[in-house]
Amino acid sequence: MPFKRKDLLGLRELDVHEIEHILELAVSLKEINARPIKKVPTLRGKTVIHLFYEPSTRTRTSFDIAAKRLSADTYSITTAASSMVKGETLLDTVKNLEAMKPDVFVLRHTVSGTPHRIARHTTASVINAGDGMHEHPSQALLDMMTMLEHKKKLDGLTVAILGDIAHSRVARSNIWGLRKMGAKVILCGPITLIPPEAHTMGVEVSHKLGEIIPEADVIMVLRLQKERQQQMLLPSLREYSIYYGLTAEKLKKARRNVLIMHPGPLNRGVEISPDVADGPHSVILDQVTNGVAVRMALLYLLGQK
Amino acid sequence: MKKGKADPCNYLFRRARVIDPARDLDAVADVLVVDGILTDIKPNIDLPSDRLAHFAVIDASEKWIVPGLIDMHVHLREPGEEYKETIATGTMAAVAGGYTAVACMPNTKPVNDCAAVTEYILERAREQGHCRVLPVGAVSSGLEGRSLAEFGELKGSGAVAVTDDGRPVANSMLMRRALEYAKNFDLPVISHAEDPALSEGGLMNEGPTSTLLGLHGIPKAAEEVMVARDLALAELTGARLHIAHVSTAGAVRMIGEAKSRGVPVTAETAPHYFTLTDDRLMTFDTLYKVNPPIRGPADVEAIKRGLADGTIDAVATDHAPHSSIEKDTEFEYAANGIIGLESALPLILELVREKTLTPSQAVAKVSCNPARILGLPLGTLLLNQRACMTYLDPEFYFVLDCTTFRSKSRNCPFHGQPTRGRALMTFFNGKVAFSRLSK
Ligand SMILES: [Zn+2]
């Protein structure tokens, strides 16, 4: 089934076939990354602009490598998020860049919904590289690709997402993607970090890590932002790590083949202990590797038009 | 239709449905306006044919004549933000929407917290306004929430109420003193009920949609906590409290309970709170960004019940004009607000069509009730006075088109919506302030 969309804004709007198509393509493109000469001419002559209104070296580098391996020309604009940068509004910026005829915008923004706004004002394709607390579709796709590599299927898997769900775009994209692919999703964290009425997204919610560890095929640990303490969401990082930090001790009750994932960057010793992050169940570096393949697939599908 | 050349304001409306809830009147009658004076309302007004030649005679069957509508909550943006709206354009929008009086909130630049600003507004309204402007003064100097504004002087120069609208009076002691001191001058205190700590960072209603969109939510409790506080303070002080833009079921319930206990409280809501639910934000459209936020279906139902049973006395628009600079931007940075003066009437009439309100109840929400709350002798059809009334067609079908609005701003989420009912003529102070009838 061909991929007909102009933009990739989130996983909520994709159907199962589109997700399968992207993941299959990513698997086939991954092989390029293992070659001595890691470059194919697919997007030669195409222009990809990375527009990052929030710093993210990891995601930007991953997209940039993906674009270059497909031979696209890439440009990076990194700037602080604000409706006015030097008096210029976001739409002014987009219209100016649009006049330079790019093919794809890879956009990261601190405000939810901004890629949707930009997509309406440009004929170029827009790939959401993370918007506010809303979605981070390429991250969820690389997470799903990693699960597939190790578990062979997503249908029937139980995936626990642990930590600050309320502020996590990674969690939201994973929820939509995993639910569509037939996985069961359990959210786990203190009530202050679970979004209101989370069950309406078709997930289970638990506040006791000990109870969900034995059930999970995959435990996805989210990064805890230290400012949550100032926002009165937590009494202390110490208490958080006691109740919700993933340690080898707590993992003793886990399934034998459990996968431990983390979108990075890690706060070692807060949400995940070093021995777990580097332990036998961890696939954290596989996620990073698969990130390039997934982003190649997205650029391939959207950049060719 | 004929119009006498020598007599600019002579009208005979034939067989209109005249609805004046202040006098418990809802009957078919003829309405006679002579030289701008509302002279007679009765069945079958006969004029000799030589006199009739000087009158515009209008077949008003199936149409309504009601008191000039009153909107007790608008933002006219003058002084200070004239690029969004002025007293001239805001009052033009008002008469086009059927309104003949608008109460303007004090969050202008400078803030209306003293006689000079109130007098400025009234002077501009006299010079350039198309309808009556009722200035509302600030509760606190500069809306800073620290010290009381001079209510006596504000009232003396023409203010009809006090509020810090746009923001709550966060300090409970200041709110207590405001209520006590306003009672001194018989001014109602209008509460913008919002607990700022609970709503901090919030962009929309907290619930499934905010969760799904990853937008910080504002819980209903942010409104209800403050409604509860202000009801307790109204009970303590015996002062007149008016709750602005009620948006939640819990607020309706608490106001209803307080009223039944005899607490001197009144309340208003706005059309978007009984028309829209927060799933409209699914496209991140900033036109739906408003404070308090658009809530869920259960709240919409509760607001309608509150209007029907009288818990909510009035429908105001909270007309809040913003230019594209404030609205066409990232969701978080976009200003709160919806314009309402030119879209409210059809949305209110929809409540009549769906039988939530009787025609008389609907008219009362935008005429005698706001007049009573503000303590003004308006909102009723007074014989032998200069005509102040609205001639409207409750079934007139049209598509709301904000590009044709008189307001300077276009932040109307109802744009493009097919709707029914609109003002055909608005009489203010004995003159036709607005007409959609061809000459
Ligand atoms: Zn307000």
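Backbone N, Cα and C define each Cβ position, glycine as well.
Taken from Swiss-Prot as is:
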- A:ARG58, A:THR59, A:ARG108, A:HIS136, A:GLN139, A:GLY264, A:PRO265: carbamoyl phosphate binding site (BINDING)
- A:LYS86, A:ARG169, A:ARG223: L-aspartate binding site (BINDING)
Under 8 Å, Cβ to Cβ, against chain B: pull out the ones among the binding-site residues A:THR59, A:ARG108, A:ARG169, A:ARG223, A:GLY264 that qualify, in sequence order.
A:ARG169
Using only the Cα atoms of A:ARG58, A:THR59, A:ARG108, A:HIS136, A:GLN139, A:GLY264, A:PRO265, which the record gives as binding carbamoyl phosphate, return the largest interatomic distance in Å, rounded to a whole number.
17
Can you tell which of the binding-site residues (A:GLY264, A:PRO265) has the fewest other C-beta atoms within 10 angstroms of its C-beta?
A:PRO265
For the recorded carbamoyl phosphate site formed by A:ARG58, A:THR59, A:ARG108, A:HIS136, A:GLN139, A:GLY264, A:PRO265, name the remaining residues of the chain with Cβ within 8 Å of the site's Cβ center, in chain order.
A:SER56, A:SER62, A:ALA129, A:GLY130, A:VAL170, A:PRO263
To the nearest whole angstrom, what is the C-alpha distance linking A:ARG223 (L-aspartate binding site) and A:ARG108 (carbamoyl phosphate binding site)?
18
Going by DSSP, is A:ARG169 (L-aspartate binding site) part of a helix, a strand, or coil?
helix
Helix, strand or coil for A:GLY264 (carbamoyl phosphate binding site)? Use DSSP.
coil
Chain-internal residues, separated by at least six, CB under 8 A from A:ARG169 (L-aspartate binding site):
A:SER112, A:GLY130, A:ASP131, A:GLY132, A:MET133, A:HIS134, A:GLU135, A:HIS136, A:GLN139
If you draw a 10 Å sphere around the Cβ of A:GLN139 (carbamoyl phosphate binding site), how many other Cβ atoms fall inside it, taking every protein chain shown into account?
28
Neighbourhood of A:ARG58 (carbamoyl phosphate binding site) by C-beta distance under 8 A, where only residues 6 or more apart in the same chain count:
A:GLY264, A:PRO265, A:VAL288
Between A:ARG108, A:HIS136, A:ARG223, which of the binding-site residues has its C-beta surrounded by the fewest other C-beta atoms within 10 Å?
A:ARG223
